[in-house]
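Student: Sharing a structure here in structure tokens format.
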Amino acid sequence: MARMNRPAPVEVTYKNMRFLITHNPTNATLNKFIEELKKYGVTTIVRVCEATYDTALVEKEGIHVLDWPFDDGAPPSNQIVDGWLSLVKIKFREEPGCCIAVHCVAGLGRAPVLVALALIEGGMKYEDAVQFIRQKRRGAFNSKQLLYLEKYRPKMRLRFKDSNGHRNNCCIQ
């Protein structure tokens with residue numbers, strides 16, 4: 001069986017947020033996948049596709065796996081968006097410098113959409129978020145996902161406080 005040529009995992013960093021966008025491993029490639037996760041300091045994986053591997057090995061390495069699948073090519077449900085943004089806010093506040101991995105099948109649609117939502121909620125314009133991710137992950141997003149991101153209205157849930165306890169709401173006029 002021919003192996004699909006999969007893009008390498010890419011790290012997306014913005015403000016205090018670090019994400020790793022990747023494709024899904026199989027049980028056969030799981031050890032290499034875990035090595036990659038550890039290299040980037042991943043503590044949580046969000047799996048947005050159907051399960052293709054047993055999470056026991058990953059969990060044994062201290063990496064928490066969350067299953068939030070949604071249909072390929074489609075936008076995430078409001079419930080998934082709410083869970084994702086809550087996770088991002090809590091993880092980066094409680095574990096500064098940590099990295100959240102997100103994967104779908106190829107790492108080109110569903111996973112980049114969630115990362116783009118975090119960037120938009122962090123203050124980036126939708127066009128900039130798309131371009132920022134596409135610079136690292138060529139071919140990311142289909143037209144339906146782009147339309148979803150364009151229409152998405154941020155709730156500004158990812159405003160973090162600085163070390164003095166002040167909200168980081170900087171605005172350039």
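Any Cβ shown, glycine's included, is placed from N, Cα and C.
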Student: In Swiss-Prot's disulfide listing, Cys49 is paired with one of Cys98, Cys99, Cys104. Which one?
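Tutor: So the cysteine paired with Cys49 in Swiss-Prot is Cys104.
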Student: Roughly how many Å lie between the Cα atoms of Arg110 (substrate binding site) and Cys104 (disulfide bond), rounded to a whole value?
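Tutor: So the Cα of Cys104 (disulfide bond) lies 6 Å away from that of Arg110 (substrate binding site).
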Student: Among the disulfide-bonded residues Cys49, Cys104, point out the residue whose Cβ has the most other Cβ atoms within 10 Å, with all shown protein chains included in the count.
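Tutor: Sorting the candidates by Cβ neighbours within 10 Å, the top entry is Cys104.
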Student: Going by DSSP, is Asp72 (active site, proton donor) sitting in a helix, a strand, or coil?
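Tutor: Reduced to three states, the DSSP call for Asp72 (active site, proton donor) is coil.
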Student: Let me know how many other Cβ atoms fall within 10 Å of the Cβ of Arg110 (substrate binding site).
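Tutor: Arg110 (substrate binding site) is surrounded by 29 other Cβ atoms within 10 Å.
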Student: Please compute the mean pLDDT of the model over the domain 'Tyrosine-protein phosphatase' (8-161).
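Tutor: Its mean pLDDT is 85.
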Student: Give me the CA-CA distance between Cys104 (disulfide bond) and Asp72 (active site, proton donor), in Å, as a whole number.
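Tutor: So the Cα of Asp72 (active site, proton donor) lies 8 Å away from that of Cys104 (disulfide bond).
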